[in-house]
Amino acid sequence: MRITVIGTGYLGATHAACLAEIGFEVLGIDTDAAKVAALNAGVLPFHEPDLPGLLRKHTESGRLRFSTSMEEAANFADVHFLAVGTPQSGHAGRADMSQIDGAFRSLLGQISHDALIIGKSTVPVGTARRLASMARKLGPTGAEIQVAWNPEFLREGYAVQDTLRPDRLVFGTDQPGPLGVLRSVYAQAIAAGTPVVETDFETAELVKVAANAFLATKISFINAFSEITETAGGDISTLADAIGMDARIGRRFLNAGLGFGGGCLPKDIRALQARTQELGLDLTMDFLSAVDQVNLRRRDKVVELVEQTLGGSDISAKVAVLGASFKPESDDVRDSPALDVAARLDGLGYEVCVYDPIAQESARRRCPQLEYPDTMEEAVAGAEMVLLLTEWQQFRTLQPADLDSLVSGRRILDGRNVLDAATWLDAGWQLMQLGRKTEPVTELATSATAANGVLA
Ligand SMILES: NC(=O)C1=CN([C@@H]2O[C@H](COP(=O)(O)OP(=O)(O)OC[C@H]3O[C@@H](n4cnc5c(N)ncnc54)[C@H](O)[C@@H]3O)[C@@H](O)[C@H]2O)C=CC1
Ligand SMILES: O=C(O)[C@H]1O[C@H](OP(=O)(O)OP(=O)(O)OC[C@H]2O[C@@H](n3ccc(=O)[nH]c3=O)[C@H](O)[C@@H]2O)[C@H](O)[C@@H](O)[C@@H]1O
């Protein structure tokens, strides 16, 4: 079977390469000519473990290629996946549907025979039915254009394994025809035991946003408890471990810290609220604005801790920020909590040096005003305070001795609760962790006086 994937960003490039790996002939389509040229050359324009190998393998084998031509897409295949972006628009958090509508109309305008268009992007409920109706009105005469919705649940950093071995597959249709095609596209995963949910358009669209809203709520739930333990005392990680031992709750996605970011969870909870309000259900998803606010307050908290620790004495102090991507194993800096904090500290007048093992270039493009030295050692050299904001493995395993002789002030804020408190305190460091009662030292201490500075 020949398949096109329209939109070759994080989702589409992964989906296209994985379909080629399964054995299909695949054409990826994107309006971004530079991206298409890079992908055709076997070069992935972003970081994703395991994907470069698949891309090279299948661009070389000829099973995978890329183009900017929608006409070529329409002639190449009868099955088209739609994987364009649905970013947040400027209107009350609503999803910007211009990429979906643009790609769909442009494809419809080129198709001359029966075809199936399968949406993968995350969309507001009602989109698939609207597109199906548009296909009936604007599609070619004498040909049937069917629509299905097959939302994607992959995580960046694990995109290939999540695509080839998903937890579940969801097929949303308004007629049985497309189900056979979907079952054959995913025959390998289904044979390996992946459960399939076959349902209507609306349920398929809502499963996706419900999953992301639930995950975001879980993170903000534990982070709201961080606000309590920071004030009343208590240890947030122990609390998460203890409630997570209840199988009904589960420990995953209860890691307290700087909170969630990225190109999906934040915009998806806002788009869901906006869509629910459009449906006249003003209060139904109201709790998600609390989820959003708790999440954003974590960033305020880190900025406040830096200001309380350094601000009074020397607003131009150097602060080293370790981590720029929104999470480890990704170079994605869309709505990155780490980069947001770094930019805000820079705006306050601190000298901010950011080091990320992979996201240095994407961070520089997004926030060119910050400094991005080539090594972690250069970033921390002379720093009055070190902030660990994205928990890359290289930072999780940091030891005080790695930094002792480089920094000007032995102060570290662990924004992801990954450092062993005793190790750092015993080594004479001031350590602050989110979700633990911390009394920041208000004056700029020297490394010698820092030893007794903090309660953790
Ligand atoms: N990034 C992720 O991990 C996941 C993303 N999603 C959803 O998938 C969708 C895509 O997300 P990303 O890949 O992250 O976005 P992205 O922004 O990285 O990629 C979108 C791509 O579509 C292209 N495009 C825009 N208009 C086009 C058109 N008319 N024709 C052809 N190409 C066009 C853009 O140039 C861009 O390369 C979103 O709805 C997102 O919520 C779902 C699951 C995981
Ligand atoms: O719709 C999407 O695009 C995807 O969004 C998320 O995937 P992703 O954004 O790649 O990253 P996650 O691993 O979910 O992490 C999201 C954010 O939450 C934060 N997080 C995660 C877990 C946790 O316990 N605590 C926490 O703060 C991470 O640091 C990160 O900033 C979902 O996990 C995917 O299932 C979904 O397909």
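Cβ coordinates are placed from backbone N, Cα and C, and glycine is handled just like the others.
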Residue in LYS57, LYS208, LYS301 which TrEMBL records at the substrate site where PHE153, LEU154, ARG155, GLU156, PHE253, LEU254, ASN255, ALA256, GLY257, GLY261, LYS327 also bind: LYS208
Quick check on the annotation: TrEMBL has ASP30, LYS35, THR86, THR122, GLU156, ARG334 binding NAD(+), so which of LYS267, LYS437 does it put in that site too? LYS267
Under a threshold of 6 Å between Cβ and any atom of ligand 2, which of the binding-site residues ASP30, THR86, GLU156, LYS208, ARG334 are retained? GLU156
Among the binding-site residues LYS35, ARG155, LYS208, LYS267, ARG334, which residue has the fewest other Cβ atoms within 10 Å of its own Cβ? ARG155
Average model confidence [pLDDT] within the domain 'UDP-glucose/GDP-mannose dehydrogenase C-terminal' (320-421): 97
With GLY261 (substrate binding site) as reference and a Cα-Cα limit of 10 Å, the qualifying binding-site residues from ASP30, THR122, GLU156, LYS267, ARG334 are LYS267, ARG334
ASP30, THR86, THR122, GLU156, ALA256, CYS264: which of these recorded positions put a Cβ within less than 6 Å of any ligand 1 atom? ASP30, THR86, THR122, GLU156, CYS264
Go ahead and report the DSSP secondary structure tallies for the domain 'UDP-glucose/GDP-mannose dehydrogenase C-terminal' (320-421): helix first, then strand, then coil. 33 helix, 17 strand, 52 coil
